[in-house]
């Protein structure tokens, strides 16, 4: 792996004093170093007496005055140094941090091809033929070789630091942070330090820690640091974090710092790069690639254990690892299904907490199975301890599980109507925390993503609707309320919308639901007693039912996913397990959930310690290797506090949970009584107690411990679910009953024992032991996730928080042990089998140990660089890389020879085959060409025959058309001449006689030529005139057609008008006949009728007179039209008057009624005004009736006159049409 050289913010003043013994490399003046332990926080250097670590401010003026004098003395020596002699050149950096004797040792090894060049871990030598990554020579060749003979008791590589002027060192400030300062002066035990901000402080020299050279800034493996102390590690991680390099190696452990933003480190390009080994920087992809390659190579199951605090990015890291495994092992399609399980599990198992917007509230182990060829063949998912209490209660600022908010925001209208969904702030379970959204998260979009993922894992549409119905039922359960019915605080369920909706969604009757939530059946002897519940008991029963429904639904979903991922998949026993489990949690108030979560982290931390610390030492001791004991913090005392029987936390909790009268206070008192002697336990006031975990002290509040540990769901609720018509509640109830019957036989059932007989703590303990057993049978790969700040802000790095997590997860100890021990080991048989062919002589008959020793001697591996154990060979860091390089070079040479020989054979075969192929092709092509030529020749001949016939027919057709045209022209000309000359036959005879008598044949011919020319001119003129006439005829014909079409339109319009007039006349006649009948009955006011008849008679007289005067039907028609319009105007005036008077009478009557009823106020007598209004109405009615009768008479007369005029009009119309036709 190539070392990364970054630009450092630190600046050093270059020294310019030449050193004659090494003209090319000028390192800094060697520092006398002594071995001390670097990591403990309270260590002291051996020289001088201990003093306070805190520095104090000094007078900068007086200090600088002294420094100026010292600068003048050293100025000449500093000016003599050249720029090329910088102590930070690539050649000087390997020696400038170690004593002269160490530099000599390394210098002697620089010429050997087997110096330190690789960084391999246990059981990972030789990254073999498949291309395992070999780290760069540059990054590790300059690391000091630590010999066991010198450092048997001291594992730290921080030496006593003799302060020299112009050197840089780490100093601790008053706020606890580390700062990189420049040593201005040093006298005795005091040193003056210049800080980066310009300040100057005085500190005890013993409190200073040396800094690494700038060339090591930002190295991607902490093992490459020359000084492995806490500030150097913090600075290196911060240096990389500020440049978005969030992954760093710490020996065999990958440290991942959560960036809290999108970084460009993922995608297909990076996957291909790690797949083909073209990139070797630290990454999750590199860990996943190592796991899958070791699984194929060693045929051993692998595990990737991802740990860290809540919010450190464990869930995202697990998804990234799954993405790489799916890319490498994909091809069957199952990998896409595995990736699509993440949205489902996150939606149903993750929630927002105060420290993390996407905190996993359950643990999961995803076991991915592979085929012999390394392709994914199936997977299975195991979950641990879902936090059911979050369904019914949430702290302020947190959220319940994501799926509730996804459903409320993204469900389509049809589903909302079916489930009676409301907004999230209308459900009591969700509005407790007053937090409904997460910044940057679209719940509606996430809902569609979850539905798509369910489709991918083959959950049917019907089952999806049932799942959403159960979620809605859980939400509506929180809205069920109770009412007190007696003095004993007994309650019954209010039959409101919440209860009705729940009964409808789970498929039971409202009465059954009310009975299950407000009563409890108890069996006393042979009798069944129904006991009414109090308000608190009813609420607990309701919440228990809601939690049980959600937990059962979550388990059912996991079962469906496992069925989808496991059906028809061929397994070979090889698998890679990815553990993503809750991180260590410490809140202001820590309850039962944090108690179980932190217990699980203690167990995982012990697994980490056992693998990387205990097993390391035990293996050295078992193989007889000279190995010094290593002190590290073991959490076995804390685990004993949890697991010890009968006086452990879990045992006492289960014991108190079995007592009917047990309370949280009695449980807390029992803990204080029995566990005060434990170094990891401390009793607090009230119900609280403190446990000293590996990551720090946590104060637990026992409120709710017993209830959550019992997790009782009464049989009445189970029977309610069993009686439901929906299939999911029935399945939940049957599983609960089955587990309840079988729980007692096996208290550590992994499938989850029933909460009726097995406590939650005992069940979780059994699952955890089984998990540890499974992980113990795999080769683990550790990823430690670090949270840089508690505010979830990008580019923010809190030293104290990061340092605490590094201490808790043991990263610094891992690096020290890996650097100082023998991290690479290999059995004698495997070593001989892998490198035996490199020996110059045949040693096939010798035993593996002799072969191994011969290999080491042949390649001059220094004795201090390895040790031979009883069963294995142990190597220092980088030593196995030399053998692997030689092996790879030899294999490449063999392959090159084989490739050359095979190429020669292939080329020879190709040449022979090419000759035969060319000859065969020539024969085949010749035959094909001849056949093709024959076909083309036949086609050519046929084409000639066809062309000849076609041209003949075309020429014949043209000749016939020309001939016919000539005949026509000749006939026309001859006819014209005949017609022209037929009127003057005498002239024609005289002409013929004149021509005969004269005998002049030439003159006759000339006369005929002029006549023909004149005739042709006249023919052309006649043809032109004929064409003009034909065009005029065409135009006239078109106009005639237009006139005919217009005339037909006019006739149609007149006919339609006649029909309309006939209909109107018929209606008028019918109305007049009705008027006549009414006049016969009402024989009133004949005088007025006579006057009207007289007026209309005069009008008839005038009309008749006009008809006589004009004598034309048109005038009669116009007169009739005027009279008809006058009659219609009279009728319209009567209708308008009727409408107006009707409206007036109606308004007056309405007003009088309102006045009489008191709705309106007016100074009049309503009764008298009403009678007066009635009289006026009767008078008007009589008057209007008389005028109406008069109008009817007039219309009757007009009808008779119109009938006569209509007949005259028809006669006139017939005459007019006949005249036009003529």
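Every residue, even glycine, has its Cβ placed from backbone N, Cα and C.
Per TrEMBL, ATP binding site is recorded for 308, 309, 310, 311, 312, 313, 314, 315. If you look up TrEMBL, you'll see 1012-1060 marked as coiled coil. Look at TrEMBL and you will find 10-24, 54-84, 119-132, 1100-1109 tagged as compositional bias 'Basic and acidic residues'. Taken from TrEMBL, the feature compositional bias 'Polar residues' covers 31-50. The region 'Disordered' feature in TrEMBL is assigned to 1-136, 1090-1109.
On the 0 to 100 pLDDT scale, the coiled coil (1012-1060) averages 81 in the predicted structure. Of the chain residues outside the ATP site list 308, 309, 310, 311, 312, 313, 314, 315, 258, 356, 583, 785, 787 have their Cβ within 8 Å of the site's Cβ mean position. Sequence-distant neighbours of residue 315 (ATP binding site) (same chain, 6+ apart, CB under 8 A from its CB) are 346, 350, 358, 360, 580.
When Cβ atoms from all protein chains are considered, those within 10 Å of residue 311 (ATP binding site) total 22, not counting its own.
Sequence-distant neighbours of residue 310 (ATP binding site) (same chain, 6+ residues apart, CB-CB distance under 8 A): 353, 355, 356, 359, 582, 583, 584, 585, 787. Close to residue 314 (ATP binding site) in the fold, though at least 6 residues off in sequence, lie 306, 307, 308, 360, 580, 581, 583, 785, each with a CB less than 8 Å from its CB.
Taking the Cβ of residue 313 (ATP binding site) as reference, residues of its chain lying under 8 Å away and at least six apart in sequence are, in sequence order, 256, 258, 785, 787.
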